[in-house]
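Below: the structure, in structure tokens.
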Amino acid sequence: MLQLSAAQPHALHDVAATRALEAAAAASLPAHTLMRRAGAATARLALALAPHARQIWIACGGGNNGGDGLEAAARLQQAGKAVSVTWLGDPSTTPADARAAWQRALAAGVPFTPGPPADLGPHDLCIDALLGIGLRATSQRGAAHELRALLAALHASPATLLAVDLPSGLDADTGQYAPGFAPDAPSRAARHTLSLLTLKPGLFTGQGRDACGSVWLDDLGCGALAPAATAQLGTQQQADGRQAQRHASHKGSFGDVAVIGGEGLSARGMGMTGAAWLAASAALHGGAGRVMVALLDEGTTLAPPWPELMLRRVHALDWPQLTAVCGCGGGEAVRAVLPEVLARAARLVLDADGLNAVAGDSALAAALRARADAGLSTILTPHPLEAARLLHCTTAEVQADRLAAARALAERHACTVVLKGSGSVTATAGERTIVNFTGNARLATGGTGDVLAGLIGARLAAGLSPHAAASSAVQAHGAAADQWPAHQALTASALAAALQ
Ligand SMILES: NC(=O)C1=CN([C@@H]2O[C@H](COP(=O)(O)OP(=O)(O)OC[C@H]3O[C@@H](n4cnc5c(N)ncnc54)[C@H](O)[C@@H]3O)[C@@H](O)[C@H]2O)[C@@H](O)CC1
Ligand SMILES: [K+]
């Protein structure tokens, strides 16, 4: 068993791949072995997480997820713990593995109760074994009502919560709760999730990260049988975009970045040059050799906030030599320069208003698509609303399956896509989709997206592939936020300066 950290990449397997592994493993092992291992792992983690729990309540559903809970209950009872179980199953209909686990719990003397103990406290433990990967979109009304009442009790309890396989009601593939299953309010209790056999993508994106808390993995001894991964969590450490800096390096060795954006105050009375400066600062601190800024300011001359930055007009940019980061604070002015940027930039990171312009203009969309045919690389960095505009759907539809949305956009525009938000997704056709495991809610502050675009630009300019540049920058950007001192405000400009 291991606790997940951002230090190592991990394979992710969707429900179909996990079911295939379960079938292969079950075929090679004596009956009930997998569930016994699952129950033993759950009991082991329960004892480690709450060694002083006065009582442990286990809510078990009628399927095999509930069977894991029953198996754990038997073991915790045998270990001398005060356990109680609420089981929604029916011995005549429950799957064979779960029925065997129920019999073992009965034989061990586990007490069965209709609901949670009345006096669960913060030092106690609740185990959520109601629903795992067998979640269906609809179910019989009666069962759902009882199940939801138990789930509400789990969510409301002050006790530490350990979810078996995944938080009940969370879709393992998408990271979205099924309707009616999300907690009413964020819980203050500690949360842990013990993923069994495989790690599923939904644990790490969308609502998954908040739902899971700390994630643990036990492969039940079946890791060697795992099929090909369907996606990947985190990036290789060595792909961090920092090329070994040779003594013979000069500023051109690390690539030129040109930030194109920052609509001026005179255009519509809304100055947005700060976004361009933030992206430029991130590119600079992210290791770019030279950083140029082409402001969309209609002639105003501003001194750059850092002397290392060089001002350019768009028409004076040396396109074949540079990586363009276009759109940050671009407002409406970016539309006018996009035909040239799309046609000429050798490498391009398109962000924010650049994306909105493409979404609303079929000629620009065609020019974007043509870049791939011309061998020019492009990275799009939409947040969910921008992705929805590009896909001509709703934000809710994007969030309903973030991996699918990122892949669809990458396919449609023949480029790399970073779909931002909790558990950012990097997708490129023909590459393994990467779900990011760093970052936190402190990044939800103005300008951090501009910082990310600039950092991606620096890594693309340094020679990484678009997929590696994007995913490694997303990881580094999140890691910088994770390491941020708790007492210090996280601002985008300080974040840019802290990048390595
Ligand atoms: N069979 C085995 O040996 C193993 C099973 N494992 C466990 O088994 C789980 C999968 O088991 P199952 O396939 O039985 O599925 P689950 O136990 O996840 O879910 C099926 C149960 O939930 C109910 N249900 C489904 N959708 C519902 C909804 N929307 N509202 C209300 N009730 C709903 C069903 O009626 C059924 O009782 C995994 O997540 C894992 O915890 C793992 O331990 C690996 C080994
Ligand atoms: K569960």
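Our numbering is plain: 1 for the first residue shown, then up by one each step along the chain.
Glycine too: its Cβ is placed from the backbone N, Cα and C atoms.
TrEMBL labels come from automatic prediction, so no person has curated them.
Per TrEMBL, the feature domain 'YjeF N-terminal' maps to 18-228.
Look at TrEMBL and you will find Asn64, Asn65, Gly66, Gly67, Asp68, Asp165, Ala275, Gly331, His383, Asp450 tagged as (6S)-NADPHX binding site. When Cβ atoms from all protein chains are considered, those within 10 Å of Asn65 (K(+) binding site) total 25, not counting its own.
The annotation K(+) binding site is assigned in TrEMBL to Asn65, Asp128, Ser168. Proximity of Asp128 (K(+) binding site) to non-local residues of its own chain (separation of 6 or more, Cβ distance below 8 Å) is seen for Ala59, Leu151, Leu154, Leu161, Leu162, Ala163, Val164, Pro167, Ser168, given in sequence order.
Note on the domain 'YjeF C-terminal' (235-500): its mean pLDDT in the predicted model is 91. Under the heading domain 'YjeF C-terminal', TrEMBL lists 235-500.
The AMP binding site annotation in TrEMBL covers Lys420, Gly421, Ser422, Gly423, Ser424, Gly449. In sequence order, Thr205, Gly206, Gln207, Gly208, Arg209, Asp210, Gly439 are the residues near Ser422 (AMP binding site), counting only same-chain partners six or more apart with C-beta under 8 A.
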Cβ neighbours within the same chain of Gly66 ((6S)-NADPHX binding site) - under 8 Å, at least six residues apart: Cys60, Trp87, Leu88, Gly89, Thr94, Ala98, Ala129, Leu130
Counting Cβ atoms within 10 Å of each Cβ, the densest environment among the binding-site residues His383, Lys420 belongs to Lys420
Those binding-site residues from Asn64, Asn65, Asp68, Ala275 that fall inside 10 A of Lys420 (AMP binding site) by CA distance are none
The one of Gly421, Gly423, Gly449 whose CB sees the fewest other CB atoms within 10 Å, among these binding-site residues: Gly421
List the binding-site residues Asn64, Asn65, Asp68, Gly421, Ser422 whose Cβ sits under 6 Å from any atom of ligand 1, in sequence order. Asn64, Asn65, Asp68
